[in-house]
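Participant: Can you read through this structure? Questions will come right after.
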Amino acid sequence: MSHRRRPDLPPSRTTDRTPNPKLGRGEEGDRKGKISSSWSSRGIASAFFSSERRVWGLSLAFRATNSLLVQTYFNPDEHWQSLEVAHRIVFGYGHLTWEWKRGIRSYLHPLVFALLYKIMAFLRLDTPWFMVKAPRLLQSLFSSFGDLYMYKLSKLLFDEHVARWAFFCQLVNWFMFFCITRTLSNSLETVLTIMGLYYWLSASCSLEDVSTASRKLALFIAALACAIRPTSAITWFYVGMLDLVGLQSRLGFLFLEVIPIGVLVVAVTCLFDRWMYGSWIFVPLNFLKFNFLSSGGDYYGTHKWHWYFTQGFSAMLLTFLPFSIYGIFKSKKWRLSGLIAWVLGVYSMLGHKEFRFVLPVLPIALMFAGYSLAVMSKPDFPDPKRRNKYCNRWPLRVHLAVLFLIMSNVPMALYMSIVHQRGSEDVMFYLSKEAHDGKVKSILFLMPCHSTPYYSTLHHNLPMRFLDCTPSDGKEIPDESDRFLMDPAGFATDMFGNSSSPSHIVLFSSEEGSLREFLISHSFREVRRFFHAHFKVDRDLQASVTVYALADLAVT
């Protein structure tokens, strides 16, 4: 197959460089029109970033700390669609939500954590603390590679100076800190997307043999991302179609690379799902039918078409937004910035929208913010002698920009990761320790469905019950969660009349007032209360999570 350089890369990249066998590309040279990094080549930063291994080491330490600091509840899928499934695979008990009964989820992602649980069980490390922290520590390992490859991608497209600033943006951004170490399939999808883009674009400036190998590796990573989360195909459709135009042997590319690699990954994924489901299930088709053809996701709420542009993605970038916009227009990397617009545009056509859906393109936007900061950090000295004298000094605007970004993102990251909605996590950690001591017999969660982790955190095989919210055929039919919120006391009375009384009840303070008389009449007493949130999100203020126990089990 003949090789063509991608038009997205600067023409000088193939003529002004000396080949580097390690990366398959040359080092960035001094040339007109490029950001000069000579001023920053001295000092501690240059010495540190001289090795990508050091960059990865810093990222690994940072993300491990990041994972330990994340103590709040964000999205149910973090637990219910990964850890809960993995716990059931390894320990034999755990709840499978309706998605697994309809075959719209692949077991590929949960199996990653199932392997972790298996190792923990073998080493007898499945204690309450490790059951909570170990999965996020594993995800922090994956996330560190995402940071490293974002650095490498920035260095590939621009230069090392931009890569340093992009790395800074990646670590400081509040939403990356808040979300990337969580055990969501979107977090792993984001890491694979950045890795795949790096290998795909590095094929554009490599020798023929290296280019082919790099492109095949990119296709494998892309196929793996799509297997874990089928919506990743939105990203790779854009990338593939644009570059397909520039290839001389399109049929060879499709039939000798894309299809064989895609079929291999799909076949392996189907074998895993056949093993776990017990029958042949083609998850991508079921996922497409439910989420795109039948708009099944709308059952969980909808937003206006422009939400990602005006609220969702803008909130994720927060104060990095103006820097990203400036970097997009200044760098003129329209194909890459077009990927952001494409992903946001496609997801905007769906009624149900969530922040995490567009997480894979957040690092790209932060890379452009890094480019913006790199431009701003150029010394304002036209005289070469003065520029060399002050080469290690940043202009005042850069100091102010860095201070502004840190002050606006770090407090937000820490508050959302440590404070906001932490009651859901704290209550399950408490119940896990109580169950370990034999003080819990059964638990009823009188709160909206999936408001807390479940067996994957409790890690004790005892009866538990939560309010079901499985989508019904008729949208006008309220589920258990909706019926409870409409009449908490009436719903609880009917439930107790049809089942035995649990030893513990967990509920939010927003419904506690309506249930107090009911709880007292059934001999329940408050035993613990955990702070949850200072402000409401989509329901009444759920200020705290309360645990009630039968009087003979309650500890004063």
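Numbers run from 1 along the shown chain.
Each Cβ is built from the backbone N, Cα and C atoms, and glycine gets one as well.
As annotated by TrEMBL, region 'Disordered' applies to 1-37. If you look up TrEMBL, you'll see 24-33 marked as compositional bias 'Basic and acidic residues'. Positions annotated as transmembrane segment by TrEMBL: 190-207, 219-239, 251-272, 305-327, 334-351, 357-377, 398-418.
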Participant: Report, as numbers and ranges, which residues of the same chain sit near the transmembrane segment (219-239): CB under 8 Å and 6 or more residues beyond its ends.
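Facilitator: Sequence-distant neighbours of the transmembrane segment (219-239): 106, 108-109, 185-186, 188-189, 192-193, 195-197, 199-200, 257-258, 261-262, 264-266, 269, 283-284, 287-288, 291, 338-339, 342-343, 346-347, 357, 360-361.
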Participant: Counting Cβ pairs closer than 8 Å, which of 251-272, 305-327, 334-351, 398-418 has the most of them with the transmembrane segment (357-377)?
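Facilitator: Between the candidates 251-272, 305-327, 334-351, 398-418, the best contact partner of the transmembrane segment (357-377) is 305-327.
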Participant: State the residues, same chain only, that lie 6 or more residues beyond the ends of the transmembrane segment (398-418) and have a CB under 8 A from a CB inside it; answer 'none' if no residue qualifies.
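Facilitator: Those are 66, 69-72, 168-169, 172-175, 177-178, 318-320, 323, 373, 376-377, in sequence order.
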